[in-house]
Structures are given as structure tokens and as C-alpha cells.
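Student: Here you go, one structure.
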Amino acid sequence: MSTPHLYPVPEALAANAHINNEKYHTDYARSINEPDVFWAEKAREFLTWDKPWQSVRSFDFHKGEATWFEGGKLNVTVNCIDRHLPTKANDVAIIWEGDDPSVDASITYQQLHDAVCKFANVLKARGVAKGDRVCIYMPMIPEAAYAMLACARIGAVHSIVFGGFSPEALKDRIVDSDCKVLITADEGLRGGRAVALKANADKAVAHCPQVHSVIVVKRTGADVAWNTERDIWLHEAQQSVDTVCEPESMDSEDPLFILYTSGSTGKPKGVLHTTGGYLLQAAMTHKYVFDYQPGEVYWCTADVGWVTGHTYIVYGPLTNGATTLMFEGVPTYPTAARCWEVCDKHNVNIFYTAPTAIRALMGQGDEFVASTQRKSLRILGTVGEPINPEAWEWYYNVVGDRRCPIMDTWWQTETGGHMLTPLPGAIDLKPGSATLPFFGVEPVLLDGEGNIIEGEGEGSLAIKSSWPGQIRTVYGDHDRLIQTYFSTYPGYYFTGDGARRDADGYYWITGRVDDVLNVSGHRMGTAEVESALVLHPKVAEAAVVGYPHDVKGQGIYAYVTLMTGVEPDDGLRKELVAMCTQEIGPIAKPDLIQWAPGLPKTRSGKIMRRILRKVAANELDTLGDTSTLADPSVVDDLIENRMNR
């Protein structure tokens, strides 16, 4: 592969950053060698406690057990809201940007406090108490954050289901976590279209007799079906409640939320996060990874239905007293300039999005970026999947005008917060690399026998010891936690991802371990081949899978989406094969290339590779559930034009 270009830390940034290179290495060494001392200091620095802890941490990876700050007590909303009021009551906590560019709102910390307390009192009036589970099925409106924080205020456990999920998916999650209350809206708005949330909720709840209350936020004012025994309008319920709600003091290890993540097989896993450790991970990573400075406007484009929205729209920024932007819309509505127009409108300093969005916007051309100023931007970030170097360079050069470092963050729903990531003032950047571990994170690379790979090498990525934001259990099924994360390599947390470590100790995520190609006995990650394909200026996006090959065992099947206006032909096909040969070697030449107008993606933007593998293998009768796809019709096109008949 071509040698990556190194982007050194700008001197001016290093001089004013929270963490410079020397401090990173000193503090990282302390976090590994003296973890109890290091984490106790950080827990006192970042969080406000009602009662101190007895022990900082204990863990047993053979049993999948971990506790942090045991015996300590705190409330999440006191940390996110109340403690800021003496100095920040009139500062903006949340900027809300509606789907319609002419609609926005600013919510101060005082207004946030009052809204959360009123919402919490509505929940209490419906019988919700500490430890009860509450399901949230909402659009990206401020009330989604209020609902989360209202649960945390009274010690209830929230389970957010992304507003794009089907009634069936919603029902499964309500049943699994035994939620008695559901919070939703009449409709959502996304890209100029209405999303029938209440109608979907009604279909789901029809199969959930345990749900006694459905609290509905009026977003569009659309007519919706109404069950007078069960349904209540939030605005009506709030008329009779107070703006004071005493916070419930929670044990550090009390549950804060359950968030479902799809398993490779079987039903979704309810990832359970607890209070103290998770909040510390959220706050620390938000401040250090984005070098957040007081008064800055921070925008994470995720939905609160995903962990990125939990940690980096709500809990991390608010714990740090930041101004966090919530966006109801999509990056391409009404035009592909929307993100950059929002950055100009609200003077956004830090912008955090997914490689999928970056590639989509890159495919639309530079003119949409060039039509805006983006002068306020200081730090850029990516999350959700590895970013290929070409998209990284475009993001850096075109969006950031070559002056904004990119934080390529690797983490998971299960880790709670960033695990491998650059820090703006400390770590030189290599496009496509998540660089180095965050404080307290001990990554290891393991071979097929579970032996540690030292120095340069490639293997399965695992974590050697506990970190504060670690998953505590799979809700209601601790055996599944052990089976999924702690049994493959006993004594380690197994991430399910493969990684390569270079001569500088930088980590490169090579894709899910089940996305490893084995061609004639040679192993390579799908991400490597995809990166080679998208080097071509006519390629917008590519996804690579293996398929059964009579000679090689596995052949390489590439799905390629071209830039807008580009017509496919055999000449281009040959150029792409040559690109892979040039970048990786002859072994990486795709055997089959299918031109794909779109790829099957979940609503969070992740490519559903299971479907790509099935189509490539011609196993069309076992495609499985496609209900969580953003556009299920994409699959029909892939099947119709498949190459391996």
C-alpha cells in the first residue's frame, strides 16, 4: 500500500490545547501504570459526587464483570445541568436546527433544567420510579434530550429506539427491556418528509400489554389515532406539574440506559451502561478528543437513537457545560450544502460526522462546500467506520481548508466512548488511521491462537483491561455478554474488529473480523480493498465481500457506486482492477465488480454487509430481515444486476 502522508500537529494548536504530545504520553503512562490514582483524579475533576466511592475499579474479564467507583453516588442531570446554573444559567446548552432551514431554537441551561424537571414530574405522575425502564422513540427534537435527562433525573433507565426503526423492531426492544412507558411524537420530519412515529408506536404497543402509558410530543400537529386510556399529550400533562424535581442520588453502578445493537445473529443485544464510569468516559473524551474550549459550539450530526448521539450530543457535552447542536434533518436537504450552511449559521467550531456522510457529500462535488465560509470550524471528526484516506483528504482539504485536524475515532456501542483516537494538540495524523489509544485503554493484537502480536502486525483487536465506559451486561442475558465479548480470547475483551499496527504504533482498523477475505490462503481486510477502489476519482463509494470461488476458495466481489453523472463501462472496470493491484497487489484484484446505484444501509448509515455477502454468493432465499434498511429497494437492484449467477 502507498505510504500515508503525515499531518503534524499545528504548533499554535498544541500551544493552547488541553493535551499536548508530552502530556499525552505522560498521562497515558500514568493511566496504565497507576490506574486507580489516575482515574480517581479524573473522576473528581470531571464529575460532581454526592458521596465518594470506596474503590476505583475492579474487574474480572473471565466473568465479564466490571465495577467503577463502587459506593460512590451521583446524579447525571446534576452533572449535566444543575451544577452549571450558578455561572451558565443563561448560556445556550442546546442549539436545535430543524429539518426546515428556517426553523431553529436555542435552549439555555436554565430552560433545559426547567424542561427536564417538568418532564421528570410527568413521568413520576405516570408511576415511573427508580429502576423502571422507559422506551423513547423520537425524532431529533429537543424533547428527545429532555426525555433522556428526565429519566436520569429520577433514576429510570431509558431505552432509545431510533425513530426510523419499524414497529416490529420497536416492539422487540420494548418487550426485551420490559418498558412500561413509551415516549414518542405525532410525527418526525426528515428531509422534508413526515415520519409516522405515533402510527408505528401504536402498531408496536398493540403487542406490548405491559405498556400502560404512551406520552406523545406534538411535533407536526398531524391527526393521529388516540387511545384515551393510554395516550397523553406531553404539553397537556406539563401544564399541571412543577419545574422543580429533586434529583435521585444514584449508585455509580446503577443502570443509566439500555441501547440495542444488532448482533451478528439472533435478536438485538441490549447493551447496558451504568452511571459513574460511563459519564466520566463521555465527559473526558468529549473534552480531550475535540479539545473543547469554553464557549465553543459543538455539533455531532448523529441521531440520539445511536450511541454516538447518547455520548456526544447529550451526556458528554452537557457534563462539560458545552453548547451542543441537535440537527433534525439530513446532510443533503434541501441541498448538499446544508451541513456547511448550518456551520456558518451557528458558528460551529467542532464538527463530528460519519464517513458515509462525508463520502456522500464528496460525491456531490466541491461546489456545495465552496458556496459557504466555514471560517468558525476548528476541529473535524469522524465516527462509525474507518474513513478511507481519499475521503479523509477531501474532508481535510475541501471542508476544513487544510487547517482543521480530523479526529478519526474508533469505539463501539459497548465501549461507551472513544477508545482509539487522535488528540488535536498531541498526535500527528495519518489519513485512515485511528492513531493511538485514549487514556486507560490497553489495546492488544491477537493471532488466531490468542497469542499477543508485538510491534508491527495485524490481528484481532482486543482490550486487555477495564475502562470506565465499558458495557456491564447484555440486559437480561449476561451469558450472551460473556459469549460475545469474553469467550473468544479468555481474559480479554474481544472487539470483533481486526486491526493493523504500524511501525509508529498507530492503529488501522481493517474491518470486522467476519469481513476478512481469504483469497488463496492470503488474508486481507475488506477495508483495504475498498480504500483502493475509492482512490479512483470516479468512485463515490465501494463495498467489498468474499464469495465462493472454485479455485481460490474465496473470490473478491466489489459493489461500486460511481460519482453523480459518471457512466460505467469496461474501461473503468479495468482501471479499478489496476488500482487494487497497484495499491495492495495482484492478490487484491476484484474478480467481480457490480455497478451499484446504492448500497444497503441501515438508517444510521452502516452498510449491511450480510446482504451483500448473500447476493454475492447467490443465496437469495436466505437474505434475512431487511426492515431496518433506509431504502429496501436497493436490494432489488442488487439482486437484478448481480454478477455471480
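Cβ atoms here come from the backbone N, Cα and C positions, even for glycine.
This is the feature table in Swiss-Prot:
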{"type": "BINDING", "residues": "R190, G191, G192, R193, T308, S520", "note": "CoA binding site"}
{"type": "BINDING", "residues": "G384, E385, P386, D408, T409, W410, W411, Q412, T413, D497, R512, R523", "note": "ATP binding site"}
{"type": "BINDING", "residues": "V534, H536, V539", "note": "Mg(2+) binding site"}
{"type": "MOD_RES", "residues": "K606", "note": "N6-acetyllysine"}
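So where do these features actually land, and what's packed around them?
Tutor: Classification of G192 (CoA binding site) by DSSP places it in coil, neither helical nor stranded.
Using a 10 Å radius centred on the Cβ of W411 (ATP binding site) and all shown protein chains, the other Cβ atoms total 26.
Sequence-distant contacts (6 or more apart, same chain, Cβ under 8 Å) of H536 (Mg(2+) binding site) comprise L572, E575, L576, M579.
Taking the Cβ of K606 (N6-acetyllysine) as reference, residues of its chain lying under 8 Å away and at least six apart in sequence are, in sequence order, T356, G384, E385.
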Student: Beyond V534, H536, V539, what residues of that chain have CB atoms within 8 A of the centre of the Mg(2+) site's CB atoms?
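Tutor: Residues close to the Mg(2+) site, other than V534, H536, V539: E390, L533, L535, P537, K538, A540, A542, V560, L576, M579.
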Student: Tell me, if you would, which residue among R190, R193, R512 (binding-site residues) has the fewest other CB atoms within 10 Å in the structure shown?
Tutor: R193
Student: Would you count the other CB atoms within 10 A of the CB of T413 (ATP binding site), including those on all shown protein chains?
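Tutor: A 10 Å sphere around the Cβ of T413 (ATP binding site) contains 18 other Cβ atoms.
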Student: Would you mind checking how many other C-beta atoms are within 10 angstroms of the C-beta on G191 (CoA binding site)?
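Tutor: Its Cβ has 14 other Cβ atoms within 10 Å.
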Student: Return one of helix, strand or coil for T308 (CoA binding site), based on DSSP.
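Tutor: T308 (CoA binding site) sits in a helix per DSSP.
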Student: What number of additional C-beta atoms lies within 10 angstroms of the C-beta atom of T308 (CoA binding site)?
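Tutor: The answer is 23 other Cβ atoms.
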Student: For V534 (Mg(2+) binding site) and G191 (CoA binding site), determine the Cα separation and express it in whole Å.
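Tutor: Roughly 27 Å, rounded to the nearest whole number.
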